[in-house]
Amino acid sequence: MTYSLIFHCMDSFRFRSSSRRSTQSETDHQLGFLIPRISRKYRSLSFDSGLRLIVSLSDNQSFESPTRLVMSSSVPNSDRKIVTGPAGYILEDVPHFTDDFPDHPTYPNPLQDNAAYSVVKQYFVDEDDTVPQKIVVHPDSPRGTHFRRAGPRQRVYFESDDVLACIVTCGGLCPGLNTVIREIVCGLSYMYGVKRILGIDGGYRGFYARNTINLDLKTVNDIHRSGGTILGTSRGGHDTTKIVDSIQDRGINQVYIIGGDGSQKGAAAIFEEVRKRGLKVAVAGIPKTIDNDIPIIDRSFGFDTAVEEAQRAINAAHVEATSFENGIGLVKLMGRYSGFIAMYATLASRDVDCCLIPESPFFLEGPGGLFEFIDKRLKESGHMVIVIAEGAGQDLLAESMEESTTLKDASGNKLLQDIGLWISQRIKDHFAKKMTLTLKYIDPTYMIRAIPSNASDNVCCTLLAQSAVHGVMAGYNGFTVGLVNGRHTYIPFYRITEKQNKVVITDRMWARLLSSTNQPSFMKQDKIHSNQLVGEPGTMKW
């Protein structure tokens with residue numbers, strides 16, 4: 001026997017049996033039993049022609065997925081909440097409190113009585129508002145993947161006096177961390193009247209190994225003027241059981257996690273453990289990566305500041321290079337796996353002659369190699385500026401040292417050799433007998449990471465923090481907030497952690513860089529048509 005549960009747009013529903021007619025009492029009993037299981041097991045729903053959401057399931061309680069539902073073999077079903085509609089519309093939704101607690105009480109949003117919002121024509125985001133992942137389409141293109149639009153809702157799922165929120169920063173430093181902390185506190189306090197907010201000291205392990213910090217408006221008032229994080233941070237230390245034990249013991253019911261892709265994976269694990277225990281705890285992520293290597297989102301906070309600060313190092317390298325005969329200024333910038341900082345700093349500078357990134361392999365000797373290009377550029381201009389991302393050329397370095405390190409840091413990142421020092425020495429050795437050459441090597445990595453965010457990133461941090469607060473108060477859970485096509489959205493954890501955002505060297509932005517620097521691709525002929533050149537376009541849309 002097969003049952004279909006049909007949800008109408010007006011929140012009414014009826015229960016149908018394909019073999020017999022159910023009585024009202026049977027229907028009520030069946031719905032009471034099935035709805036919670038459907039909300040947990042089947043996050044994939046579909047619209048019929050009458051704009052009704054339909055879920056089908058078998059009555060043997062095996063709940064095997066019908067083929068017409070949208071599922072993914074690479075992602076656990078419990079992580080997915082997908083709605084499909086006409087014309088290829090797909091909403092990759094995020095979990096909500098009502099998935100696990102259908103009878104959870106709601107309250108009027110305090111913003112309706114907030115004087116600051118009295119001038120706003122429309123207080124609240126419409127429940128059906130979504131944001132498309134891709135905005136460039138053709139006439140016959142399907143509507144594609146969407147994400148739920150961020151913003152305040154008319155009803156909230158937390159009473160202000162009952163909230164005990166916590167904030168934690170994880171991983172490396174990034175400009176804007178303090179601004180995000182400040183704006184989460186201000187958002188909770190000013191907009192929703194929350195008075196109890198804790199800061200977790202020292203990253204994930206701070207949940208169970210360190211003291212907490214009481215955060216209030218006075219504590220965070222000026223922290224955006226300083227770099228780093230007032231909460232402290234660390235890599236690793238993620239013990240899901242201990243973390244959730246601490247959350248449960250302290251009575252925390254809102255968790256805001258600021259960190260990169262590794263930290264967001266940790267946030268996803270915390271959310272799943274919270275859900276498994278049946279706790280009424282909301283977990284939200286704010287993506288942090290100075291490398292801009294988190295997928296889906298337009299850009300991450302701190303990236304603007306990093307590109308701007310990198311200009312100072314490039315300008316210094318240019319001055320050094322032009323002040324000496326055959327001068328070379330070599331600048332190493334951040335970019336373990338993604339070369340976005342190096343690429344955008346190069347495009348912004350206009351003084352860079354060569355940019356080397358992890359996504360674009362290069363070689364040193366022979367026709368078309370880096371040494372040949374350096375020789376040509378020095379003969380033409382008498383000086384040269386090279387920008388290299390820290391993850392570039394690691395294969396050459398490992399081959400030269402006849403070893404490849406497999407060591408990793410506490411966050412699981414492969415420990416890289418210093419490509420800047422190595423390639424500087426190789427350039428000096430190669431040209432030692434050919435010409436007088438002066439090379440100055442500049443590594444501003446930690447200077448860039450430790451500075452406060454600039455004006456653009458401060459605005460970005462504010463909107464991210466407020467969007468996260470609105471989402472949690474509205475009952476959304478297990479999400480990362482991010483800017484998609486200029487609109488803030490709620491993105492499922494699994495989409496943020498499924499891969500890394502990388503520069504696509506067959507994309508127009510990389511072509512613009514090659515045109516700006518007039519450098520060759522440095523690709524050997526046997527690599528030009530290899531799969532190294534195949535990939536999806538990057539998410540940077542500026």
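Think of each number as a place in line: the chain as shown, counted from 1.
Every residue, even glycine, has its Cβ placed from backbone N, Cα and C.
Small disclaimer: the values here were computed from a predicted structure and weren't measured.
The active site, proton acceptor annotation in TrEMBL covers D291. Positions annotated as ATP binding site by TrEMBL: G172, R235, G236, G260, D261, G262, S263. If you look up TrEMBL, you'll see D261 marked as Mg(2+) binding site. According to TrEMBL, the feature substrate binding site maps to T289, I290, D291, M334, G335, R336, E390, Y446, M447, I448, R449. The annotation domain 'Phosphofructokinase' is assigned in TrEMBL to 166-470. Positions annotated as site 'Important for substrate specificity' by TrEMBL: G262.
Structure with TrEMBL features highlighted.
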residue : record                       : Cβ contacts under 8 Å, 6 or more apart
S263    : ATP binding site             : C170, G171, Y204, I257, G285, K288
D291    : active site, proton acceptor : F303, M334, G335, R336, Y337, S338, F340, I341
E390    : substrate binding site       : K332, L333, M334, G335, R336, L416, I419, G420, T445
M447    : substrate binding site       : E309, A313
R449    : substrate binding site       : G172, L173, C174, P175, G227, I290, A306, M334
Please work out the mean pLDDT for the residues of the domain 'Phosphofructokinase' (166-470). 92
Cα distance, T289 (substrate binding site) to G262 (ATP binding site), nearest Å? 10
Check the binding-site residues G172, G236, G260, G335 for other C-beta atoms within 10 angstroms of each C-beta and report the one with the most. G335
D261 (ATP binding site) and T289 (substrate binding site), Cα-Cα, nearest whole angstrom: 8
Could you state, as a whole number of Å, the largest distance between Cα atoms of any two of T289, I290, D291, M334, G335, R336, E390, Y446, M447, I448, R449, the listed substrate binders? 17
Under 8 Å by Cβ from D261 (ATP binding site), same chain, sequence gap 6 or more: P287, T289, D293, I294, I496, T497, Q500
Pairwise Cα distance maximum in Å, ATP-binding residues per record: G172, R235, G236, G260, D261, G262, S263: 12
Among all protein chains shown, how many Cβ atoms are found within 10 Å of the Cβ of R235 (ATP binding site), not counting that one? 19
